[in-house]
Amino acid sequence: MACIEVSKEGKFKGEEEEEASYTLDGTVDMHGRPAIRERTGQWVAGIVILLNQGLATLAFFGVGVNLVLFLTRVLQQNNADAANNVSKWTGTVYIFSLVGAFLSDSYWGRYKTCAIFQVIFVIGLVSLSLASHLFLLNPRGCGDQTTPCGSHSSWEIGLFYLSIYLIALGNGGYQPNIATFGADQFDEEDPKEGHSKVAFFSYFYLALNLGSLFSNTILGYFEDEGMWALGFWASTASAFAALLLFLSGTTRYRHFKPSGNPLSRFCQVIVAATKKWSVEMPPGEENLYAVNGKESSTNGGRKILHTHGFKFLDRASFITSRDFKDQKQGPHNPWHLCPISQVEEVKCILRLLPIWLCTIIYSVVFTQMASLFVEQGAAMKSKISNFQIPPASMSSFDIVSVAVFIFLYRQVLDPLMSRIKKTDSKGLTQLQRMGIGLIIAVMAMISAGIVECYRLKYARKDCTHCEGSSSLSIFWQVPQYVFIGASEVFMYVGQLEFFNAQAPDGLKSFGSALCMTSISLGNYVSSLLVTMVMKISTTDNMPGWIPGNLNKGHLDWFYFLLAGLTTIDLIVYITCAKWYKSIKLQGKYGENKERDDFEV
């Protein structure tokens, strides 16, 4: 009889191989069964999601990249109002990411949430395309640099805003979930797949930027020439293709089960800790309530190990004599006693908030690329021979910069830093990269301010329609776009990785939504700053810093103001990053995970 090899744990070799074929992070397949490693997820599913992201981004930026020009040329809004409306709309896109993240983490799961919001996205694009083609572009051919459009009724303008906010809802609810859903396809408990998961975030951001490249160049050109309906219909076709591609990978995807309403879990911890505010707690962890095994109090999530910060919240898991008696009578009352893993879930989010708040000012800088950079470029010389360069297409330099710096970081800087540090770590930490992103953002604003100084020097002050009124070439904007692109690679890719890694298993989509809501609040803060600056700078009949005729304003001063605010934000960020302590998960890092990996 053939010998059967038995492991030290008493398992037959065949049983070990069968067990090893399943993922170790708790993911399941489309039927709810444990996911088999070879048949689900990995780069097959990851590439489908990357292509889906590229097409969806093409569709979104086909609307967003030239929206400020659509508002000024078709709806006849002035520069300040158009910039504010674009900032509010973009901000709303990312506010809706919280809605999508909540539904995904709590009830629907990421696959269902992505599918539903992509359908809403397509409906919004169809509505915008029809509204523009039938009502807004009147007379035919209007909306270019020379032919103004006529006035519009209130219901036509209402239909326009309904359409673009449906687009905001669809894209906002989909965006944080698709990033996290893509990361779900890689088992971070497996070393090889864990490395692929880190790489996925870089490629995800690259796909996002490559998708917008077509919008910023080809679609941007057609829209700048007044062919708005064509551009919007192309965006609609791209979004529909993205939806079909996403559905085609259904059988291959890995899924995390939704963990239930996180708001109730948060409230339970706060209420339970408050009820025990006067209880004296002995040192040590012996009297803290813990769930047995490696799973946390959420549905299938890994247990978060105890940390020593926010000690007041530990009272929620402190077992009093009353709790001990209640346990003998039946299940514990979650509003009076919470597992320590549930308490640590709240601590994780509280630790993330200061870092998240520090990213908002960076997003103020980033949002200028879609508003004031475009208006600045429109007032510069943008003709080469007989070819007119659309100002919005200059953001293609940002995209090229993102692609180049992702390559340089992954192939050059990251390996170099690993050798210099002589450790097993993978180069720069996520927090370090985010700090570098802030430094480069300061350089971008200084560059934009210097360019504006020279644009004003060569501008005609007496022009009525001031597009192209400066003899300074639009290509002088290239450095500021390159700096923004470089800063994105360090800030936004690092931010995506950081929030995904540091969020508890039951709140991964919320972690990605935090990244997006910082962009949202950045847009609202930008709108507020523009409003405040205009109100203060227009006293005594002065034209203000950002008037309709930029040649009579001081846009350069606004850029330098942003550079100063970002410098202050950098100092605050470094302080918060040094204070931050990372999440500790059982089964992944072990109990003695050091904080150094996340220090700046």
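From the backbone N, Cα and C atoms, a Cβ is placed for every residue, glycine too.
Look at TrEMBL and you will find 43-71, 91-108, 115-137, 157-174, 200-222, 228-247, 352-374, 394-413, 434-451, 481-501, 513-537, 557-580 tagged as transmembrane segment.
Contact between the transmembrane segment (43-71) and the transmembrane segment (557-580) is not supported, since fewer than 3 Cβ pairs fall under 8 Å when only residues 6 or more apart in sequence are counted. By the Cβ criterion (distance under 8 Å, sequence gap of 6 or more), the transmembrane segment (91-108) is not counted as touching the transmembrane segment (352-374), fewer than 3 such pairs being found. For the transmembrane segment (513-537), the most Cβ-contacting stretch among 228-247, 352-374, 394-413, 481-501 is 352-374 (pairs under 8 Å). Counting same-chain residues at least six beyond the ends of the transmembrane segment (157-174), those with a Cβ under 8 angstroms from any Cβ of the stretch are 56, 60, 63, 67, 75, 89, 92-97, 99-100, 103, 113-114, 116-125, 127-128, 131-132, 135-136, 516. At the 8 Å Cβ threshold, with sequence separation of at least 6, the transmembrane segment (557-580) lacks contact with the transmembrane segment (394-413), having fewer than 3 such pairs.
Contact between the transmembrane segment (394-413) and the transmembrane segment (228-247) is not supported: fewer than 3 Cβ pairs lie under 8 Å, counting only residues 6 or more apart in sequence. Highest Cβ pair count under 8 Å relative to the transmembrane segment (200-222), across stretches 228-247, 352-374, 481-501: 481-501.
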